[in-house]
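Notes to accompany the following structure.
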Amino acid sequence: MSMWSNVSFQNSASFTMEQMTFFYDFSFLTILMILVFVVYMMVYLTLESLIKCYDLDNQTMESFWTVLPLLILVFLAFPSIRILYLMDEMKNPMLTCKVLGHQWFWSYEYSDFSSFEFDSYMVFNLMRLLEVDNCFVIPLGLKMRLLVSSVDVLHSWTVPAFGVKVDSVPGRLNQLNFTVNRLGVYFGQCSEICGVNHSFMPIMVEVVLNQGFSVWVENSS
């Protein structure tokens with residue numbers, strides 16, 4: 001979860017979020033190198049008083065500063081397209097759950113189990129505006145598919161540590177996939193301005209081992 005003076009992303013808990021963090025660091029480093037080069041050239045040209053005649057018509061230099069930006073864009077495009085593909089790839093999910101947004105709480109339904117659903121309301125406890133009475137429990141290491149919709153207004157199911165954010169739209173079924181690779185409890189919130197109690201729609205996800213998930217399902221059904 002976010003902490004005080006945190007200026008970067010939350011610690012990743014899924015493969016997708018790890019790849020997004022790596023790409024962010026890579027693109028930031030590339031942009032920083034371009035910025036340093038441009039600032040250096042501006043300072044150099046400002047302080048330089050001599051005119052070099054051979055630089056006024058240099059085909060090699062013009063070819064270089066035309067091809068180099070193209071190569072930089074290619075190196076940025078391929079990792080980005082790969083991450084987009086991984087976020088949308090929905091092949092052979094191990095567990096399917098349905099999430100419904102209400103004013104102002106969430107409902108969860110485990111589609112692979114018969115008649116297993118519950119509502120998740122915020123409770124006023126230690127973690128202000130983040131804890132709920134019934135948290136969303138998922139197993140570790142299994143590929144999850146979430147079907148997200150709404151019964152009233154626009155909502156958004158968002159968990160930053162998983163790198164997932166999808167709109168909950170009335171009359172429409174959106175889907176997302178992720179695989180969590182770390183145990184723990186993770187928090188998120190509705191990211192749409194859905195009404196007066198918009199800030200009271202927290203998301204609390206508990207990641208447990210497969211054996212613990214089976215026990216939880218048996219005891220909760």
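Every residue gets a Cβ built from N, Cα and C, even glycine.
The domain 'Cytochrome oxidase subunit II transmembrane region profile' annotation in TrEMBL covers 1-91.
Per-residue pLDDT, averaged over the domain 'Cytochrome oxidase subunit II copper A binding' (92-219), rounds to 89. Residues annotated as domain 'Cytochrome oxidase subunit II copper A binding' in TrEMBL: 92-219.
Residues or ranges marked as transmembrane segment by TrEMBL: 21-43 (among others).
Marked as transmembrane segment by TrEMBL: 63-85 (among others).
Here the domain 'Cytochrome oxidase subunit II transmembrane region profile' (1-91) has, by DSSP, the following mix of helix, strand and coil residues: 66 helix, 1 strand, 24 coil.
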